[in-house]
Amino acid sequence: MLPLFLVLSYLGQVIAAGKDVETPLLQITVPEKIDTNIQDAKEAETQVTYVVRIEGKAYTLQLEKQSFLHPLFGTYLRDKLGTLQPYFSLVKTHCFYQGHAAEIPVSTVTLSTCSGLRGLLQLENITYGIEPLESSATFEHILYEIKNNKIDYSPLKENFANSEQESQSYRILVKPEKGSNSTLTKRILRIKIIMDKAMFDHMGSEVGVATQKVVHIFGLINTMFSQLKMTVMLNSLEIWSEQDKIETNGDADEVLQRFLLWKSKEISQKAQDITYLLLYKDHPDYVGATYHGMACNPNFTAGIALHPKTLAVEGFAIVLSQLLGINLGLAYDDVYNCFCPGSTCIMNPSAIRSQGIKVFSSCSVDEFKQLASQPELDCLRNTSETEFVVQPQGGSYCGNHLLEVPEQCDCGPPETCTHKKCCNPKDCTLIDAAQCGTGPCCDKRTCTIAERGRLCRKSKDQCDFPEFCNGETEGCAPDTKAADLEPCNNETAYCFGGVCRDPDRQCTDLFGKYAKGPNYVCAQEVNLQNDKFGNCHGRCNYSAIFCGKAVCYWNFAEVIQTEKYDVQYTYLGGQVCVSAHLRSQTGTRDDTYVHDGTVCGSGQVCFRGDCLRVHVLRGTRECEADDKCQGHGICNNLNNCQCESGFAPPECDMTPSSPGGSMDDGFWLPFDKSTPLIFKRHGLKYKKVLLISFYILLPFLVVLAFMAVKRMIGKRLAKQNISKALEHKEEAFNRGSMNPGVVSGGNTDQNLMTVPGSFNSYAYHGNTDQNFMTVPGSFNSYSYHGNTDQNFMTVPGSFNSYSYQDVPYYRSIPEDGNDSQQ
């Protein structure tokens, strides 16, 4: 069973706190904006400073702009029929800031500056909320203290297959020498939020207000995750404004399973997007549930978070932050072994009921550095295609490679425009008669959308599939790869993260062509040492010997030349084993450890330093290859079949003409199974088409003219020679000479002619209305099965052999993406 975390709140022990825990001690303050000396208007917009007086003391708030909303962020309403309707929200995406009070270095400020200041000021051990006084003409704001200390509950329940081992692993991870020298790099966690009807009603039943509150919560979350250089990007908000789509009552794990099942079946939910359902309950028994370390596993990218009646906005932001931390693989803090700069750190179970600054502890930071170097969090590195660009107020952003309303195209900034003949990079408009100006499926020379079937993204691995243009849009089809733990390499290995995890291949990539995977004795000797050259992210169990450091055979007399790793050589049983240690912990993936998904036993693979059963990690899937793909394909990461050559999607039906593929690769379009497959050639240039057509048509016209002349001559010759042929028939048989043989079965209306001097053999089976002619000097053999209305002619001196048996059309795709016909 995968590790499932339930964040429980035993609110039966809660001291009654009334309707709201925000006990306001109201103050009136007038924030003063300080002009900066920055001349650049754009740069000045990204940094602002305000002075706010709290209890008579002035605090200087130094703020920088936050960018955590997707450029195409939107709010959607789902009605009773399940239809998703866009709501055109007036939420402004350019006025969210975070920073600190200059007078208190250990402080955090998260504000929206549109129409006044709204947000939180977390000053050491006290938190203030600030909002504009709507009726004030002098920019007055109300300031109030926020308290959560009325809440008293134990927030954590764990469901691990081996809780003792997990605890031990955590203690090892928080040792200061582990990852202390590594540097974090920018990462993005993309998330979609769904709000149930009770939560919507609690927030006022007004879409604009609910949207603003959710955005405000994610402003707080991003302030906390900025310490890890992590942006939690809010992609969209969906509101169940009329009726819930699942039953939200019951135990935490039951609700989570129902939500995960609904998400997997809902076409609008992308499998790779992590999605959270926000629920409201007056007195729940828990405040959240999610899967541990599954942020990049599309089968488990879901969670639920409950907003109790007595929890403030700040506390709910901490609940979500803890759940997201669990998604990333973090554990709750051991307060006796972790250093916390403030009074309470984010992954401390008691953080939900405390006020003031919230940061990640030394344990969480070191643990995240370790996790970030592992392949299970590779999806967080994808920051290029949808990297957030702050949009100017009132419009889209021209030059960010994103096609937004009202842009006609977007080829990037002028100096690096990718489609200079098609798109004007200054105003993002199409040039002249251009049909497109953005994306890999827009031809840069003709400015037209490429035809269906053109290769636009090559395969990188046998577990990564090629994508093609679909002939309708200028963008390439979404990147598809094999679902995790699908078989590869002739079923000797498994796919994981779009790569076939073969131990021999990892050894070759790590040490060179003379390295290969180890046996048990070699791996045991090295990995049980529990040093920097041999460990399993901690001490190895005997069952996980193959899941620690990559220990390889070295079959070469020279030492390994590398500047990236320290290499250890172990002589054992007449053979040399090598393992490595990454010298510089830079936040990149540490490939000296065995990759997740690598085989470690029969039906077992490595996962986070342990050897687990494949069926346990796979769980229940929407796509099972043996059933859905009929044994002639594997499942991709979108739960569709990737079919073998000779079998056609979506269900891998036998189709000899099919090159294989899936319904997601861009080439295949939805079709009726009764409709024959017709493929078109792509990629031929206009001049080449004319030239090829000329060379094809010219011989055809010559042959056609020659046929007409020869047919006339043939008829005359036939009349002259037919009587002679009959006269000599008996004489020829008596001489034992070779004669034309005609075998015909069930044929009607046949016109056959042979000419003296030729050797002809014909076989017709069920053919009707046939017309054949041979001319002198030719050796001809024809065989037709089930064909009707055929007309053939051979020319003198030719050797001809035809056989037609309803052979299907065949299509192949070369590397350059152009089709070839055979």
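Cβ coordinates come from backbone N, Cα and C, glycine included.
It should be emphasised that the depicted structure is a prediction, and the values quoted were computed from it without experimental measurement.
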Q: Pick out which of Cys623, Cys635, Cys641 Swiss-Prot lists as the disulfide partner of Cys629.
A: Cys641
(Q) Pick from Cys338, Cys340, Cys398, Cys409: the cysteine that Swiss-Prot pairs with Cys363 in a disulfide bond. (A) Cys338
Q. Pick from Cys436, Cys442, Cys476: which one does Swiss-Prot say forms the disulfide with Cys456?
A. Cys476
Q | According to Swiss-Prot, the disulfide-paired cysteine of Cys652 among Cys635, Cys643 | A | Cys643
Q: Calculate the distance in Å between the alpha carbons (Cα) of Cys363 (disulfide bond) and Cys641 (disulfide bond), and round it to a whole number.
A: 42
**Q.** Cys635 (disulfide bond) and Cys641 (disulfide bond), distance between Cα atoms, whole Å
**A.** 5
Q) Which Cβ among the disulfide-bonded residues (Cys363, Cys379) has the fewest C-beta neighbours inside 10 Å? A) Cys379
Q: Could you check which of these disulfide-bonded residues, Cys379, Cys629, Cys652, sit within 10 Å of Cys623 (disulfide bond), going Cα to Cα?
A: Cys629
Q | When distances run from the Cα of Cys456 (disulfide bond) to each of the disulfide-bonded residues Cys296, Cys338, Cys643, the nearest one | A | Cys643
(Q) Give the nonlocal contacts of the domain 'EGF-like' (619-653) in its own chain as ranges (CB under 8 Å, at least six residues past its ends). (A) 2, 264-265, 271-272, 298-300, 465, 478, 480-484, 486-487, 495, 498, 659-664, 668, 673, 677
(Q) If you measure from the CA of Cys652 (disulfide bond) out to 10 Å, which disulfide-bonded residues from the list Cys340, Cys345, Cys379, Cys476, Cys629, Cys635 are inside that radius? (A) Cys629
Q. How many Å separate the Cα atoms of Cys338 (disulfide bond) and Cys345 (disulfide bond)?
A. 10
